[in-house]
Amino acid sequence: MPGAGDGGKAPARWLGTGLLGLFLLPVTLSLEVSVGKATDIYAVNGTEILLPCTFSSCFGFEDLHFRWTYNSSDAFKILIEGTVKNEKSDPKVTLKDDDRITLVGSTKEKMNNISIVLRDLEFSDTGKYTCHVKNPKENNLQHHATIFLQVVDRLEEVDNTVTLIILAVVGGVIGLLILILLIKKLIIFILKKTREKKKECLVSSSGNDNTENGLPGSKAEEKPPSKV
């Protein structure tokens with residue numbers, strides 16, 4: 001029967017899917033390399049710039065290998081290479097192509113930092129800088145991240161005029177609304193007090209009228225006792 005055959009294949013299919021998921025899980029949760037949120041950075045000619053790079057691994061690392069490479073439209077070169085023995089060791093440089101480069105990272109205290117500083121920038125330093133990491137503990141799994149550096153004459157100042165105008169307008173509107181609410185509350189308070197005073201005056205005036213007209217309950221109703 002077709003139904004019986006399908007019933008026998010279903011468990012095998014689910015088992016195969018589960019095994020595939022277990023096989024792919026270490027890949028998705030393993031080695032990661034990051035250069036931060038800003039992948040495009042600018043620096044002034046003649047200054048220095050920090051090129052950040054950190055890595056992480058859920059399975060730890062041993063004899064980890066890293067390198068920084070430079071790539072532009074007409075050049076490619078390895079800037080610096082090194083290794084990290086384990087989590088308790090600092091990075092060790094094995095190759096450096098440019099004396100202007102300094103490794104400033106540390107892997108102690110789980111920082112896993114292999115950032116570099118590039119000094120005395122030149123316009124020719126403009127290009128892509130890629131941080132590569134290979135972890136032998138994860139079957140030589142590799143990962144990388146790239147920063148684009150643009151060397152300029154000077155950094156352009158950001159014009160915040162529009163932002164300041166918007167903030168001023170918004171602040172003015174909020175202040176006006178608060179002022180209107182305060183005035184409204186003040187008017188309501190004054191009207192309430194005025195009504196209370198009018199009510200007191202009416203009650204007092206009514207009492208005086210009763211007294212003058214000799215109505216029951218007034219002093220005019222009282223008579224002196226008659227003499228026998």
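For all residues, glycine too, the Cβ spot is worked out from N, Cα and C.
Sequence annotations record features per position, and here Swiss-Prot assigns compositional bias 'Polar residues' to 203-213. Residues or ranges marked as compositional bias 'Basic and acidic residues' by Swiss-Prot: 219-228. Annotation comment: Swiss-Prot describes Cys53-Cys131 as disulfide bond, evidence class experimental evidence. Positions annotated as N-linked glycosylation site by Swiss-Prot: Asn45, Asn71, Asn113. The region 'Disordered' annotation in Swiss-Prot covers 200-228. Here Swiss-Prot flags 1-30 as signal peptide. Per Swiss-Prot, the feature topological domain 'Extracellular' maps to 31-162; the stated evidence is sequence analysis. What Swiss-Prot records for 184-228 is topological domain 'Cytoplasmic', and it gives sequence analysis as the kind of evidence.
Measuring Cα to Cα from Cys53 (disulfide bond), the glycosylation sites that fall within 10 Å are Asn113, out of Asn45, Asn71, Asn113. Helix, strand and coil counts under DSSP for the topological domain 'Extracellular' (31-162) come to 11 helix, 64 strand, 57 coil. You'll find the Cα of Asn45 (N-linked glycosylation site) roughly 18 Å from the Cα of Asn71 (N-linked glycosylation site). Sequence-distant neighbours of Cys131 (disulfide bond): residues of the same chain at least 6 apart with a C-beta under 8 Å from its C-beta are Val33, Val35, Leu51, Cys53, Phe66, Arg67, Trp68, Ile114, His144, Ala145, Thr146, Ile147. The 10 Å shell around the Cβ of Asn71 (N-linked glycosylation site) contains 14 further Cβ atoms across the protein chains shown. Around the Cβ of Asn113 (N-linked glycosylation site), the same chain contributes Pro52, Cys53, Thr54, Val104, Gly105, Ser106, Thr107, each under 8 angstroms and 6 or more positions distant in sequence.
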